[in-house]
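Engineer: Below is one structure. I have some questions about it.
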Amino acid sequence: MVVPLNTWILISNFKLAYNMLRRPDGTFNRHLAEFLDRKVPANANPVDGVFSFDVVIDRGTSLLSRIYRPASADGGVPSIADLEKPVGSDIVPVIIFFHGGSFAHSSANSAIYDTLCRRLVGNCNAVVVSVNYRRAPEDRYPCAYIDGWAALKWVNSRPWLQSPKDSKVHIYLAGDSSGGNIAHNVALRAVESGIEVLGNVLLNPMFGGETRTESEKRLDGKYFVTLQDRDWYWRAFLPEGEDRDHPACNPFGPKGISLEGVKFPRSLVAVAGLDLVQDWQLAYAEGLKRAGLEVNLLYLEKATIGFYLLPNNDHFYTVMDEISNFVSSNLCSVLLLGFLVLPFLSAASGNLSKGAFETASDWEMCEMIAAGVFYALHCQISVKGGAILR
Amino acid sequence: MVIKRDREREKGESSASMAATAAKGKVWEEEQPDTGMDELLAVLGYKVRTSDMPDVAQKLEQLEMAMGTTMEDGITHLGSDTVHYNPSDLSGWVQSMLSELNTASPSSNFDAISNQTAGSFSTTMLDFSNAKQLGDQCKIYSDDSEYDLRAIPGGAIYRSDKESDRGSGIKRMKSSLLEPEFDDSLTVATAAAAESARPVVLVDSQEAGVRLVHTLMACAEAVQQENLKLADALVKHVGLLAVSQAGAMRKVATYFAEALARRIYKIYPQDSLETYSDILQMHFYETCPYLKFAHFTANQGILEAFAGANRVHVIDFSLKQGMQWPALMQALALRPGGPPAFRLTGIGPPQPDNTDALQQVGWKLAQLAVTIGVEFEFHGFVANSLADLDASMLEIRPSEVEAVAVNSVFELHRLLARPGAIEKVLTSIKAMNPKIVTFAEQEANHNGAHFLDRFNEALHYYSTMFDSLESSGLTQPNGQDLVMSEVYLGRQICNVVACEGTDRVERHETLTQWRTRMDSAGFDPVHLGSNAFKQASMLLALFAGGDGYRVVENDGCLMLGWHTCPLIATSAWQLAAGDS
């Protein structure tokens, strides 16, 4: 077993439950899904330095978001009037988080995501806004994106979320699985509309395409996820009659658009090495790179889906560190090490397989090549070896 | 957990074999002691003992293999035909599904029931429409067709037979029996954290609204500090601010301000709280789904508990207009094999005008019983307090002869105003030897020791309540039902804020607090399952009219809330194993 026992139980439990909820005819057993999902209420009393409250952002669609904030230093209990008190420090990142669930499962108040968002607050000293977007198959594309966009506009227009330093809201978009996909698409809309997004954080983002990639064939059914279930979710989310090359699924595919010249935010993309859709995720990162955009790719070789749900593995801590640096980083560029260097090295040495940097000399070679590729003069290079050396 | 017709447990499973099937492959060292729950999973809502984990993992694997052989159709039947209970108890849930898959064609039983029922249901529908022709007397029951219970395919609640529990060895199906073996500190911490959780849902975060809330709280604080001059100034200021507000916020603020004023000037409500309370509650019943939800979910539990009994007796601690019972009676009428004889004992307070309200309700229900063909008997008991009753007054018949259910909707919390009252009533309930006890209560802590805490809790609770009334679209703004419902809630607000001692009867407590109390008093939980959940959700969609209502499952109980804020909780109980 490559994961801790409790992780295995957690993810297997989801897998089992989700299998029961997906019907072959494309419908979804929503009542049972809501019954089984473990939810937690918001809590305006600080717990471990974080308190939360829910806000109905749009009465018409009952769009709700859960806001998580760092408790004040004295740990005092915020009164109702304090909930939307202006943020304190000079610069406070506001992370708009889209939970995962392949567009069909989970909610902002699902325990797994409530827990994750709380960790993000503590880790990044940020305000986190978790969006309870509408789900498939009841609400297909583009409902989730519309809700994400509504949340972005709402966040951007809150005076109490403006950082005192420049009276602007410092917005980051983040999400895992389908949430990562939503983050990408909301960022696209933001760019078109002139709202500034400082960065995207995509954890195991959900992308796909008509072709069957090598990783999909190799890992189908091996680590909790099957191609069959991936296909089901895309059929449930995409407009009827569309295939997986629809740009919502395959943003850099045959029907995709180039982002060249587009002022798209910089991205942190975490890819789990045991996730069967990794080829699509890597292709996504490559697509951003091709357009000249900044991408920090974290390839976590031994990680499975959901590794970030429990703090019982190194990948979890690596990713948390990366996210923390990402939202506080003023660096103009973060080194894209593994992604660019790997094919170079493979060609050069023929011996090194993806992620198999075992010795110090391998690592030195990496650095040399990297230095040659990037203009280290203008950019501070930060090497996060741990992630890629796994 | 999944209902099983056959309560065979997997023999040969024991904690010894759990240790033997130890962690497969590499496992990270868990820091918590072996007897405790896995803390990481607990945070995510799953209660699994660390020592059970290898066994749970093995069962999950077995289920996976079963899935592999039966294609997706095979596993989705577990979603549609079977009933699930208490998903937090992962071990029990997984075990149930395994047993479900191992038993041959379990779904055929349920199909048979629903087929039979469908036939007899159509016949009874005709009878019911006759009842409507009876005219005005039956008008108050016109809602019930919308939530006919029919026969519930599959069980609504998880029944335990005491026999099988006795012999089942180390592992138990009912998660409640796991509770004493949990790591105590974690249970306590969880309970404490849950108790002190403050779920907040903001709907309109306008500047003026915030100032209003701030002023109200400042006023409450002044009252707590007995700075009555300041409190007086602030309460007047609230009045001014409230005028500029719209909708729910204005109304809530007005009620709270009035309650604060009463407290400051020591003008307590002159009218008996019982005046018109029944009528007000009826309007509340019409306006929003909270009462309907309570009735519906309690009835699910009662119906299931009464399965197989030829004579049944419901003791209703909160008869009011008897709105809960037509639906149950109708469902009993539809039972395959015919309805049991139905006896109802209704308890209510003395009426100020000395009318016998209870008998009037009894008579109406008797008329309904005639039209649907149910043998019916009614007794009414007038009591100032439930604590004035005891079981001997109620002519309890032996349990082999008659199954008893005790039901209470929004009544038990009143007993907390007098020391010893709740304990006395719980003891009486036990003496009634009920098959099931169902109760619904407001999900709030309005009984804390400090006035200011109570005030803040209540402010938030009733703001959410009023908002749901406002938004649910069912009522026209200021329609009579809406106004009356607000008055109904306003009285509760007044009681929570302005009264003290035995006058303060709206002493709402949370489900967690009630659980502790019931557990200490010798009751075990009866879990409401996915079937009750689904039907409650469908009920809401049907006529709640508002998108914001949500049903949530919580350790075998069901809660109804507005958006993510739970407001009402229904739970079901039975006498603890070993008690009788």
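Our numbering is plain: 1 for the first residue shown, then up by one each step along the chain.
Heads up, the Cβ atoms here are built off N, Cα and C, so glycines get one too.
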Engineer: Under TrEMBL, the annotation region 'Disordered' belongs to which of these stretches: B:1-30, B:31-60, B:121-150, B:181-210?
Structural biologist: B:1-30
Engineer: Check each of the ranges B:228-260, B:360-392 against TrEMBL and return the one annotated as region 'Leucine repeat II (LRII)'.
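Structural biologist: Matching range for region 'Leucine repeat II (LRII)': B:360-392.
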Engineer: With TrEMBL as the source, which of B:332-336, B:412-416, B:497-501 is set down as motif 'LXXLL motif'?
Structural biologist: B:412-416
Engineer: With the ranges B:312-316, B:402-406, B:542-546 to choose from, which does TrEMBL describe as motif 'VHIID'?
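Structural biologist: Residues B:312-316 are the ones TrEMBL records as motif 'VHIID'.
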Engineer: What are the DSSP helix, strand and coil residue counts for the region 'SAW' (B:498-574)?
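Structural biologist: Breakdown, helix to coil: 28 helix, 27 strand, 22 coil.
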Engineer: Summarise the model's confidence over the region 'SAW' (B:498-574) as a mean pLDDT value.
Structural biologist: 92
